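The block underneath contains the structure these notes are about, expressed in structure tokens.
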Amino acid sequence: MVSKSLFLAAAVNLAGVLAQAPRPSLNGNEVISGVLEGKVDTFKGIPFADPPLNDLRFKHPQPFTGSYQGLKANDFSPACMQLDPGNSLTLLDKALGLAKVIPEEFRGPLYDMAKGTVSMNEDCLYLNVFRPAGTKPDAKLPVMVWIYGGAFVYGSSAAYPGNSYVKESINMGQPVVFVSINYRTGPFGFLGGDAITAEGNTNAGLHDQRKGLEWVSDNIANFGGDPDKVMIFGESAGAMSVAHQLIAYGGDNTYNGKKLFHSAILQSGGPLPYHDSSSVGPDISYNRFAQYAGCDTSASANDTLECLRSKSSSVLHDAQNSYDLKDLFGLLPQFLGFGPRPDGNIIPDAAYELFRSGRYAKVPYISGNQEDEGTAFAPVALNATTTPHVKKWLQYIFYDASEASIDRVLSLYPQTLSVGSPFRTGILNALTPQFKRVAAILSDMLFQSPRRVMLSATKDVNRWTYLSTHLHNLVPFLGTFHGNELIFQFNVNIGPANSYLRYFISFANHHDPNVGTNLLQWDQYTDEGKEMLEIHMTDNVMRTDDYRIEGISNFETDVNLYG
């Protein structure tokens, strides 16, 4: 039998916890409650749009029309419907034996981030707020808004809790509010083809992000954040999303007469040189999705779209997971099956052209890459073991390219093992005779060239760039691989964690990564000096952004190789 004194002690303790639970108000008098997690107040699963269900499936998000009163913002919401990320991990496992090549302390966090920790549901347009415990509404703290990656086919804000950023910002004396936003991916968020284009509902996932930013503008002051000091940042598809938010509506990032964001960080991603939303690539993706869902693709485009809207979530989830991974990561034109595309609306023109013509939001930014971005993707081309195989693969990706353009790529990226990726490893790490070559091509095509396009086109804003090499010679076959930096930002506080957290927190506060970090001075990028920070495991150095000039420039300038 539980004693009366123990019961009273437990009751007093519970009352203390409840008394500490943060309780901000929204819409004037609608009170929500969060959870105190050590030094951090957390508010998880706050709706920012109406559920995109039934007739709203595949459509742009609508403003939230419900009430927040009494919302217990204790738990993350479900993730949006998506590809099972375990499939891609299985592919990498088969190709590389991840358990053997990735250090144990990294493997668990990497798998957790990829697989996610929450269920899936079409009712998924929620966001999360993390702030220093006890922050008052008038604190006006800088706001860091995180947009997750996942190749535009998977991802969830639940995989990226903001506690580490908020705690480090407190330690630095530069406190921030951290916000993470869910958005629809795959066909639910980036369905292309004639029908969805004609309907005017392309790039729904980008609109989800925008709607989340509008919510931040309207409401973050209630949590102690400053709507006039918002930084957007993300990794991989999240960074690509940031790039497309910069060029959205031709660079108009205003809402109700005020800027939605004031600075940006792009980690391993930039503008995508895609064809428009009704071109061959999205049309193939649309038709395959419809076929896998049991819809008649020989019917009218509108009838097929209505068929897709009539299907259950589980049927569409199965359809999305019916794609061969090679369809999504390598054998659909222009590499990615889903993602932001020019539509004459939110993306009014080709992404590169928007940057080069000055039609982008004029805010300071940081953009950087991991040294070996392509190694995690190269297994999709494991069967390409000869130069003719690689040529055929490139011809399918760049379906508009001339044979001369393809041959030039092959000449700039030869089979020579010592120049492939993982870079600077000589003849080692050659999983197949063409693996390092394909990895180098993918690294520069998808990640390095978009970064340099942005840097060269944005001379009228302050910008910084970096290259991370901290896993060099530590992870066989992968090197400093795509996505590894997330482990250091959200899971493991070792090695380069301080560099990412401190530089980025300083940037959110001051639009300068160098204030109060106790780290190496990071010089701004200039066209003349091409200054670049190189992030190591325990220290950093300044270097010049001058590697693989000819190969990367070719991807920037050959119009046959981009949209």
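Cβ from N, Cα, C; glycine included.
Positions annotated as active site, acyl-ester intermediate by Swiss-Prot: Ser236. Under DSSP, Ser236 (active site, acyl-ester intermediate) is assigned to coil, being neither helix nor strand in the three-state scheme.
Positions annotated as active site, charge relay system by Swiss-Prot: Glu373 (among others). The secondary structure of Glu373 (active site, charge relay system), as reduced to three states from DSSP, is helical. Taking the Cβ of Glu373 (active site, charge relay system) as centre and 10 Å as the limit, one finds 27 other Cβ atoms among all the protein chains shown.
Residues or ranges marked as active site, charge relay system by Swiss-Prot: His482 (among others). For His482 (active site, charge relay system), the number of other Cβ atoms no farther than 10 Å from its own Cβ, over all displayed protein chains, is 25. Following the DSSP three-state reduction, the secondary structure of His482 (active site, charge relay system) is coil.
Annotation source Swiss-Prot lists disulfide bond at Cys80-Cys124 (among others). For Cys124 (disulfide bond), the count of additional Cβ atoms within 10 Å of its Cβ stands at 27 [all protein chains shown]. DSSP classifies Cys124 (disulfide bond) as coil under the three-state reduction.
Here the Cβ of Cys307 (disulfide bond) has 16 other Cβ atoms within 10 Å, regardless of which shown protein chain they belong to. Residues annotated as disulfide bond in Swiss-Prot: Cys295-Cys307 (among others).
Look at Swiss-Prot and you will find Gln20 tagged as pyrrolidone carboxylic acid, backed by experimental evidence.
The signal peptide feature in Swiss-Prot is assigned to 1-19.
Once Cβ contacts within 10 Å are tallied over all protein chains shown, the disulfide-bonded residues Cys80, Cys295 are led by Cys80.
Looking at Ser236 (active site, acyl-ester intermediate) and His482 (active site, charge relay system), their Cα atoms lie 8 Å from each other.
Only His482, of the recorded positions Cys80, Cys295, Cys307, His482, have a C-alpha within 10 angstroms of the C-alpha of Glu373 (active site, charge relay system).
According to DSSP, Cys307 (disulfide bond) sits within a helical segment.
Note on proximity: of the recorded positions Cys295, Cys307, His482, the one nearest Cys124 (disulfide bond) is Cys307, by Cα distance. Cys80 (disulfide bond) carries neither a helix nor a strand DSSP state and counts as coil.
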